[in-house]
Amino acid sequence: MAGSTDNRPPGAGHGGPAVPPPLWLLAELTYRCPLHCVFCYNPTRYASTGAELSTAQWVDVMRQARALGAAQLGFSGGEPLLRDDLEELVREARGLGFYTNLITSGVGLSPARARRLKDAGLDHVQLSFQDSTRELNDFLSHTRTFELKQQVARTIKEHDWPMVLNCVLHRHNLPHVGAIIEMALALQAEYLELANAQYYGWAWLNRDQLMPTREQLREAEAVVQSWRERIGSRCRLLFVVPDYFEERPKACMNGWGSVFLSIAPDGLAMPCHNARDLPGLSLPHVGEHGIADIWQRSQAFNAYRGEDWMREPCRSCDERHKDFGGCRCQAFLLTGDAAATDPVCAKSPAHGQIVELVRSAPARRHIPLVFRSDAHSRALG
Ligand code: SF4
Ligand code: FES
């Protein structure tokens, strides 16, 4: 029987009588991955985490999350296709009434596997690319996967799935943004997510190498806009500007403990997939606590929920309902204090640090890129 995480009433730390349920359950099925991307968002110390949850434990998590009210389920990783039980989990999730989404590098999505996942009821696929050229795609992932990804994109369309292509942008591939859009159109993607790298996880280690120039961003945004005008709704283009180039932070996670319930491969429940790296959080394990209890009462999910935790300048800022003070992980990485105002915000006393990082990155480009690897992850910790 799952125990209680603390004795505060539901809603404690949220400033209201009840905590609305999560919308999304993010099932990070495994940190294992055949790729070695330099901007991977998995924690850098993933290799020293505990054993993966079993099929039965995942099914139990899904049942509880659905009973709590979660409606959408993302299967991600690492590479979720490395789990042999993915079909079984998808079937169970559909039976529970979740809308299911597979977030994949494509490695392992053979036509036979795609058929089985279709039969199991998978609703939607998000496929990642690293670039529109074989050279850069294969270099940045440290694998020969470019052709395979093209084939997988065709397989996805043959199975009538709506397809999101996702390409993380940075200074190496920003000049290719037009070609990336052409590739997405050729592959018949319904949606192309052009998400500039955000600097945490492995991208934090490679920040100086990945950071674009303002000029590159301006040009890429203009290219995206001109394509938008030409293609209308044929393929929706989302261009996410990197935080460091903004004056206000993003509403990270749409607010802590508000929409997303992430479960890590080893069963730790997290309000953000990077929360493992934040100090002072007791992350609850799904084997020890029920999902409703975790969501409503746990210290970790209440730590930055709502506004009670905020300090100045956020506490009295009239924009706090819009961005919730920005990203806790970014605040911690840049200031050492997870409760600080995100330094991306021009009102933060630490904002000058961001301005200086953007200005001086080109001078530090000689630092070698760090590819995600088990060996490097183990060395970190
Ligand atoms: Fe957002 Fe805080 Fe900046 Fe206000 S001070 S805009 S709430 S980050
Ligand atoms: Fe963790 Fe933003 S990435 S709160």
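Positions of Cβ are set from backbone N, Cα and C atoms, glycine also.
Values in this document were obtained by computation on a predicted structure and should not be read as measured data.
Annotated [4Fe-4S] cluster binding site per TrEMBL: Cys33, Cys37, Cys40, in sequence order. For 19-234, the entry in TrEMBL reads domain 'Radical SAM core'.
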In the chain carrying Cys37 ([4Fe-4S] cluster binding site), residues 6 or more apart in sequence that have Cβ under 8 angstroms from it: Gln130, Leu140, Ser141, His142, Val168, Trp202, Phe371, Arg372
[4Fe-4S] cluster site, defined by Cys33, Cys37, Cys40: further same-chain residues with Cβ within 8 Å of the Cβ centre: Leu35, His36, Phe39, Asn42, Gly78, Ser105, Ser141, Trp202, Arg372
Assigned conformation of Cys37 ([4Fe-4S] cluster binding site) - DSSP reduced to three states: coil
Other C-beta atoms that fall within 10 angstroms of the C-beta of Cys33 ([4Fe-4S] cluster binding site): 22
Stretch-averaged pLDDT - the domain 'Radical SAM core' (19-234): 95
Neighbour tally for Cys40 ([4Fe-4S] cluster binding site), based on other Cβ positions within 10 Å of its Cβ: 23
